[in-house]
Amino acid sequence: MEFSWGSGQESRRLLLLLLLLSAWEAGNGQLHYSVSEEAKHGTFVGRIAQDLGLELAELVPRLFRVASKGRGGLLEVNLQNGILFVNSRIDREELCRRSAECSIHLEVIVDRPLQVFHVDVEVRDINDNPPVFPATQKNLSIAESRPLDSRFPLEGASDADIGENALLTYRLSPNEYFSLEKPSDDELVKGLGLILRKSLDREEAPEIFLVLTATDGGKPELTGTVQLLITVLDANDNAPAFDRTIYKVRLLENVPNGTLVIKLNASDLDEGLNGDIIYSFSNDISPNVKSKFHIDPITGQIIVKGYIDFEESKSYEIIVEGIDKGQLPLSGHCRVIVEVEDNNDNVPDLEFKSLSLPIREDAPLGTVIALISVSDKDMGVNGLVTCSLTSHVPFKLVSTFKNYYSLVLDSALDRESVSAYELVVTARDGGSPSLWATASVSVEVADVNDNAPAFAQPEYTVFVKENNPPGCHIFTVSAWDADAQENALVSYSLVERRVGERALSSYVSVHAESGKVYALQPLDHEELELLQFQVTARDAGVPPLGSNVTLQVFVLDENDNAPALLAHRAGGTGGAVSELVPWSVGVDHVVAKVRAVDADSGYNAWLSYELQPGTGGARIPFRVGLYTGEISTTRALDETDAPRHRLLVLVKDHGEPALTATATVLVSLVESGQAPKASSRALVGAVGPDAALVDVNVYLIIAICAVSSLLVLTLLLYTALRCSAPPTEGACAPGKPTLVCSSAVGSWSYSQQRRPRVCSGEGPPKTDLMAFSPSLPDSRDREDELQTTEESFAKPRQPNPDWRYSASLRAGMHSSVHLEEAGILRAGPGGPDQQWPTVSSATPEPEAGEVSPPVGAGVNSNSWTFKYGPGNPKQSGPGELPDKFIIPGSPAIISIRQEPANSQIDKSDFITFGKKEETKKKKKKKKGNKTQEKKEKGNSTTDNSDQ
């Protein structure tokens, strides 16, 4: 054969066409090989690994394997060189019977990732089977009266091969009576017969021996023979004849037994017994046909007597002969072709080829989970199978190859929502009614650490009494993780920071597994009121996830500090205070004031004063204010009173149990002409206006100098602390001593170790500077007042009832407070907040300075809030100082008191916020009212209480 190439352009087109065909087959995922049947073991078939595009080194790691349907082991792959070879004997006739096409279908499966390739190996036929006749000898009885050209059917030979190897040619041994009629193209293979060419003469030749030879088309040719023994009969001249020589019938599979297939009819021109016909199956039909069908010998009806299955056989060929009853019976023949029609009687078959389980919850979309193979033995629409999946699941089925589906991930997974899926795959054919089959698979979702531990709330408030034993359990934190196994194993730890000069871990610890929080040392309310820190919960996943929770531990106060006496300004030996009192003083004259502080808070720091009875039961003309500590006279003094008195004042707090301290005051009675101590509260004798003015100026200068000095000192100290403080958040340190505020109606005692003691992790505490200016007339007004003896009082201004102390001012207040209504403790996210109502009355108490105690024990005075209700405090006269003013930047209130001669000064408290309106109002007073106001001042000796 010669090939003549045209132009170069045609060559390129042909080459491009071949490349496109190769690429199409490669993309289709199929390979085609061919091998001859009966090939020896080890015969080379093809380089399958190379043709699939796989490297030899990855065959074993990717679990390269070959699977075939039905018959395994015929072909195998050498994993060392990737060659497909013959492993065992291949017999095409056994494998495919007489099918025109015979292939071995292989499935090549590799993992990581999962891939499936289809390989078809065509089995080529070789001429290894000779033609075979049903019998080696056939006997024929032919009447001598048969006319010429009579036809006598013969059973042809069969060849197990196909194609040209099964293409048979027949030849008859030479004779003068018969010739061989070969089948034409439009007839079936078995249309072979003898044609009578010369009349028979029984007397001349009673028997005729012929040999029929069948030769196939293979190379080399193979032959088969059958001996024909023809017996010449005498008499009956007419044989039965059927209406048609070939009948074709369609029959549904699965029809019940007794179903009529066809009714045959044959006729015989003879009469009598020679014309009676008996129907029967030819002896040449297979036993399988005889087991499926039955023919009635009289009527010629063929009925079903066995199970007809389309999948077993698609058609049946039945040879029927009609024989008359003549002495020399004659026969006629016909063929019945029964074509079986398919019925949808087979359910689809499902099989999971490969599973990749469990699947991670973070698997990307499109991940292949399983490979599903479906098949149906029916044909046509009845064998067309479609698959469906359970609805409302994050998976879908994707058709990959013919009768193959891939189960892939369609949407994101969340193990915390659904940890496993029960999937049901339904395969349904296209028949009517449709048949279906199901297969289920459980898909477990593997956990991924995608959930951090979560606390029930972002922060907790814990209350712990001070002086707790070391190692006591104060709280338990608990976090929950929605993940599983190690990803849900939660451990707890502290977020380390510094509290003052010490590490947080020296105060508290947390158990890593249980989350229990322990106090490692006794807590001191006076040192640390609030300890704020964070606890971290972290799981054991990779990478680990964590979250924090804030704990606010409030240290509750206990009465563990006794009242402490403050040194008197005049001093006294042995802790005793000495006072000189004129004999001429009247009732309620203030002799001295006992000052005490308590480091505790609330009721534990609320102090009361009691005067111990004198020795021998003698009555003494003095009393002490229950809450003010002021010692005053109960009556006018006379000669019966002792000139010296030793007073014992018991200072007691309101804790449980109460703690006490005792102060000693030595009172000496002197004549009016003797000068009393400067510390005395009362001035004896009448002092003129000039002397009073001098005293006022002296006290004013002292106060201004003290305030200025304290302000400068506070600013310097604050600057030094800010510069030297370590850059730690939430540091706490003991504060500096504070001052004491006192008046005739009560005493406010402040801890000597106080600073804002609330520790948190949000930054250093803020410093609130609040300036309270005393309501004093300016220098110009004072000069005008020195030139006149008339004084005027301005109208009293009421403080703002909504005013509150600042945070730094409240943090330093730890003493008894002049209040009469109950306080309310409210616990919020930032800690307890106590509000104390105001004093509702400014009437002097029956006993100097006594007030009703606040309701509720254990209240933290650091969070007291003072309200000043409506009242009528008296305005300070000219040259007088207000009772109190507050040093900026300090929680202390300074008491400055000036008493005119023979009278008791008014006790009015003034708190202003930088406003200097009092002096302006004094200028606007009319001079006509000065005389009347002076008279009212002289007659008024009543003290007003703080509002």
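Even glycines carry a Cβ here, placed using N, Cα and C.
Swiss-Prot has this to say about the protein:
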COMPBIAS  906-920  compositional bias 'Basic and acidic residues'
DOMAIN    30-133  domain 'Cadherin 1'
DOMAIN    134-242  domain 'Cadherin 2'
DOMAIN    243-350  domain 'Cadherin 3'
DOMAIN    351-455  domain 'Cadherin 4'
DOMAIN    456-565  domain 'Cadherin 5'
DOMAIN    588-678  domain 'Cadherin 6'
REPEAT    734-737  repeat 'PXXP 1'
REPEAT    774-777  repeat 'PXXP 2'
REPEAT    829-832  repeat 'PXXP 4'
REPEAT    888-891  repeat 'PXXP 6'
SIGNAL    1-29  signal peptide
Among 351-455, 456-565, 588-678, the stretch with the most Cβ pairs under 8 Å to the domain 'Cadherin 1' (30-133) is 351-455
Could you tell me how many residues in the domain 'Cadherin 3' (243-350) are helical, how many are strand and how many are coil under DSSP? 10 helix, 48 strand, 50 coil
When the domain 'Cadherin 5' (456-565) is classified with DSSP, how many of its residues are helical, how many are strand and how many are coil? 7 helix, 53 strand, 50 coil
What is the three-state DSSP composition of the domain 'Cadherin 6' (588-678), stated as helix, strand and coil residue counts? 7 helix, 39 strand, 45 coil
When secondary structure is assigned with DSSP, how many helix, strand and coil residues does the domain 'Cadherin 1' (30-133) contain? 12 helix, 41 strand, 51 coil
Average pLDDT across the domain 'Cadherin 3' (243-350)? 91
